[in-house]
Amino acid sequence: MAAKEIIFHDGARAKLVEGVNLLANAVKVTLGPKGRNVVLERSFGSPVVTKDGVSVAKEIELADKVQNIGAQLVKEVASKTSDAAGDGTTTATVLAQAIVREGQKYVAAGLNPLDLKRGIDKAVAAAVDELKKISKPTTTSKEIAQVATISANGEESIGQRIAEAIDRVGKEGVITVEDGKSLADELDVVEGLQFDRGYLSPYFINHPERQLAVLDEPFILLHDKKISNIRDLLPVLEQVAKAGRPLLIVAEDVEGEALATLVVNNIRGILKTVAVKAPGFGDRRKALLEDIAILTGGQVITEETGLTLEKATLQELGRAKRIEVGKENTTLIDGAGDKPNIDARVKQIRAQIAEATSDYDREKLQERVAKLAGGVAVIKVGGATEVEVKEKKDRVDDALHATRAAVEEGIVPGGGVALIRVKQAIAALAGANADQKAGISIVLRALEEPLRQIVANAGEEASVVVATVAAGQGNYGYNAATGEYGDLVESGVLDPTKVTRTALQNAASIAGLLLTTDATVHEAPKDAPPAAPAGVPGAGGPGFDF
């Protein structure tokens, strides 16, 4: 086991605070509409230019072991805030730095760190309660666009695209972000259920100009096994042919004689069919097939329920108004499933989301809910270069998360004003002793810091602006984008309540831990191996021999 080094008391805290400051100073330059860029070096490929606080934080590793511990703790603030609310990472970092900086002064002066922490916790709880009181629900598309615009560092086109996407697919719908193929941002909305499997043979295509196989008013056969023998399919094919409607077959695979026969019948115009593989794998495939069955009013033909292909009838087949099958995707539009059954299925999946332990499982379950309840919107981010698209994509992701947070918990005036307004509730608090009162005063000072940083990044005098905003009431604040004072909600400077709340709670949590730390244990630095003297054979210096 490697030797460890231990540092105690003020020496440990001072080093930790240095690490906090190094990371926070790099992150906080990105805050606000006039925040600056940070360039991140990459081992491979071109550098990344970003205004995304959490992207900057994640890149930072310090050479000094103890400083690095401090930096990693603040990095945790940014990551936790990003995970919970999707935005507010820079605000959380600024708040954490301010609480640590102010708290360190009191600890150095001999105050009890535990009482300081109790005072900090009491003040934060009061601030959160007050935030909830001043929060108002997000109701209009305009407010959603404003929240998204602020989170995207003031880019209105991103805000409009996100608001439009939510309008089209609803609050439950899936919105994904992809690289675009042009300079402009685009919105592509898929109505109905789409899954990532395409036709098994290009001979199924009947719209060559769009490279699609399109079926109007089709039956849908869902099977959880491979189909290779055409004899298994014949009974159901005959029934579909008599009904005079096309057929979509979704199975684990369709191959050999079965696929060849379907292709020949399709080319000759005897029976219009398309075969696709079932989406997903294992248990997830079964669940997705069941989703499609419920959405289309059909049943999955599976031995588990006693159904076989030979005995399948039209009653077991699903129906839809239209199906479009491309090379890589299949889209079912307007399935014939009963709404109560679909709602029950959505409720069941939501219960699974609540119990899911991994982010991946949760994300996939949410996708299934969206496909059943709403639709899927794809925002394609455009740009002139790969670096520009990557930077813009980060901002679109932030804006998307912020918008969802706003829909969830409502909005408060942005630009750091909400944190100034909650100071009144904290100022009235009484601590159990002088040290707790000092903890409360730490939070009172820290709550000004996001506004101070936004103003400083805009090149203005922070103290003057903070005093002017504090003298105002309600939504009155400073719009750093225009350099004017006024009603921030009216001018569209909004923050999701969840983002502001999460940033404050996470910052206070980690800052409290840092202030109550009295020792650090870290790996001792390794001594560098001595350099080989020049002239030694094989050492690579002058006079080496072969």
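Each residue, glycine too, has its Cβ placed from N, Cα and C.
The range from 41-63, 64-86, 524-546 that Swiss-Prot describes as region 'Disordered' is residues 524-546.
According to its DSSP assignment, Thr90 (ATP binding site) is helical. The binding-site residues in question are Thr30, Thr90, and the one with the fewest Cβ neighbours inside 10 Å is Thr30.
Asp495 (ATP binding site) falls within a strand segment according to DSSP.
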